[in-house]
């Protein structure tokens, strides 16, 4: 039977619960335990799929097509374990399920209430993850902050949960903040005490406290916190600000977080195997020459909107002994200031996904610059669609070429709506979502990078390459290097006689891992290194073993 860990947060939002949960998952896995992690989000949206990137940040897509919180990306990257739609729970999805049951008459005419019906549904979702995944340990991160009214049903549900299992089958971890007051030169514990008091008022006594701080916490302070909060001082874990999120698992290991969790759950504390992770962090802290990568997007004001893209670039740089020098470029600024001014000197250009008209012409201008100046380029989702439009306009002679999404009146809609999307009205959860196969063409850069005939990638889009223009674009020099197995959908395009020019309709960033960078990102960084004078990289060769998919153990 599975064991359960609940991670809550206090004092402030964005305190790092997701990284703590992901780090704990990594530590447990290093000791031989299988792990699944779920996020319980207290907003009324059924999922974040229709939320603005400025509001929510990135929407992470799972293999089975769920649109989820970006924390699931952290969970997958840290544990190298695929999550599913069951691992993402929102207040909206809970209420939707309960109301649907009420409409079907499942409650036999009873009055439907937050307690017990909503809280029972939450508990059932957590147990469903345990049953579906078969994990030894299920970690649940409760979104929001203790004291928020939105989080109360979830906190009540996890309080009730301890009545469903044996005492040593559940542990409560509370992440809190220890602020430093510069004028007095002191770390203050009072906010943590009040946060724990608030949690206790709900009926939850935390077993472990993870205390965020920007400076070391001495034993005297740990004893004080433990005494006031009813926690053993050994279970007061310091979590100092780190140079990288990938350093956090090692820091929490040294603080004894995993040992305390295993003790509470009555699990054996096996010898841990973190050599690969330690090697990863060492390479991250000791990089080679930097590569300048321009990320040309429309949501660059909030970096979290492209979180997985940035992490995929970072993974590739770690693998290739490079330092990532990332330049955030607003696509709209390219429209007003020009590509040359903003992109001159870049070693690589990435144009990620997005929706709507705003900034598209700037993205197209950036792609033209990359093509004409022979700068390594990678386009993702909308980035591929913009690359097709750029080629159609400037090489294939279709001056009016556009996407049906961007210009419904275009005479040459080289990108059009997927046939199965024609009659779709609702926005939420109705796109082409999740994993689909892609057959790669032999003797192409794409096939050489993957070193596979068929690959499986995650999608999130409604629009697709218009096959009416396939012959024209191919005759003008475009290379279609990947399609759906039936050949109907164009998934991957590239250019010959260019250092590196590849664009895909899918989202490869969702499959990149710290120890296993995605081949497309690996190829981009290796090509970018060729533009760095002091780079040790050899001439770019897509068949090079450097860019094959491999783990750090093989390096």
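A Cβ is built for glycine as well, from the same backbone N, Cα and C atoms used for every other residue.
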Task: Site-mate of 13, 188, 189, 190, 191, 192, 193 for UTP in Swiss-Prot, selected among 39, 162, 222, 224 - done: 224
- [ ] Kindly point out which candidate in 69, 71, 80 is recorded by Swiss-Prot as part of the ATP site with 14, 15, 16, 17, 18, 19.
- [x] 71
TODO: For the L-glutamine site, Swiss-Prot lists 382, 383, 384, 385, 405, 462; sort out which one of 354, 434, 487 goes with them.
DONE: 354
Open item on the list: I'm validating the feature mapping. Which of 512-533, 534-555 is tagged region 'Disordered' in Swiss-Prot?
Closed with: 534-555
TODO: Give me the Cα-Cα distance between residue 13 (CTP binding site) and residue 462 (L-glutamine binding site), rounded to a whole Å.
DONE: 34
Open item on the list: If I restrict to non-local contacts, at least six residues apart, and a C-beta distance under 8 angstroms, what lies near residue 17 (ATP binding site) in its own chain?
Closed with: 7, 8, 9, 141, 142, 143, 175
Task: Cβ packing number for residue 190 (CTP binding site), 10 Å threshold - done: 11
TODO: Count, for each of the binding-site residues 188, 224, 462, the other C-beta atoms lying within 10 angstroms of its own C-beta, and report the residue with the smallest count.
DONE: 188
Task: Residue among recorded positions 188, 191, 224, 381 with Cα closest to the Cα of residue 14 (ATP binding site) - done: 191
TODO: Reduce the DSSP letter at residue 381 (active site, nucleophile) to three states and note it down.
DONE: coil
Task: Lowest local Cβ density (other Cβ within 10 Å) among recorded positions: 15, 19, 381, 382 - done: 15
Open item on the list: With DSSP assignments reduced to helix, strand and coil, which class does residue 19 (ATP binding site) get?
Closed with: helix
